[in-house]
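Participant: For R90, G128, T129, R130, the entry in Swiss-Prot reads phosphate binding site, with the evidence type sequence analysis.
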Amino acid sequence: MSAAPREDGRADDELRPITITRHWLDHAAGSVLVEFGRTRVLCAASAAEGVPRWRKGSGLGWVTAEYAMLPASTNTRSDRESVKGRIGGRTHEISRLIGRSLRAIIDYKALGENTIQLDCDVLQADGGTRTAAITGAYVALADAVEHLRSTGALTGEPLTGSVAAVSVGIIDGVPRLDLPYVEDVRAETDMNVVMTGSGKFVEVQGTAEGAAFDRAELDALLALAEKGCADLTRLQQEALSR
């Protein structure tokens, strides 16, 4: 089935322009500004010796994450959740997703009793904020691990691989990769896929928004996501090599 060309002129299997800028902040152990087209997320990693109380004495480390959106990151200003006095369900969900995704490639024993906290703040949202956050957070995490190593806090290699994420969806019957907001809001099927650099799936979140999808469409979406995550993995490694 044919569909109207994408507004930004991309092919259906093409990522938006991706930029990964390291060392964005002076004080964080690792920091990255990641850009998926017009979506921009600042990912900062703080590293500290010690672990949460329930983890003490285990010899195991911990990695966790928090996600938030700046009030002016969308076209309509939203109040800060800290001012509201409670964290919304969507924010909790995405924070936990980022944490799970990063922990999938962590060797807790090699990390030792150290904690790495990732803070992912959306500066501008144009679809795919959670997948951009995961992709950028991995690079910040890798830099934080090197920071801990430079201070003598660890000697092993806690990273067992890399992790990246991308959105896919069906628009007018056609599977597409890396949806901006204008596509996301009218997608018949919307999916977020998290994968390791070795090609294994960490998480697949898929929802039929307008019409149910069949197995062939699911397979097509996963194939697109595999391609997208492989491209993102390459960009992550290029960023870390600079």
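A Cβ is built for glycine as well, from the same backbone N, Cα and C atoms used for every other residue.
Help me see these features in their spatial surroundings.
Facilitator: Annotation for T129 (phosphate binding site): same-chain Cβ neighbours under 8 Å, separated by at least 6 residues, are T39, V41, M69, I94, V122.
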Participant: Only counting partners 6 or more residues apart, tell me which same-chain residues put their Cβ under 8 Å from the Cβ of G128 (phosphate binding site).
Facilitator: F36, T39, V166, S167, D178, L179, P180, D184
Participant: Could you work out which of the binding-site residues (R90, R130) has its C-beta surrounded by the smallest number of other C-beta atoms within 10 A?
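Facilitator: Looking at the binding-site residues R90, R130, the Cβ with the fewest others within 10 Å is that of R90.
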Participant: Around the phosphate site formed by R90, G128, T129, R130, which additional residues qualify by having Cβ within 8 Å of the site's Cβ center?
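Facilitator: Near the phosphate site, the remaining chain residues are Y67, I94, V122, A125, T131, A132, A133, N192.
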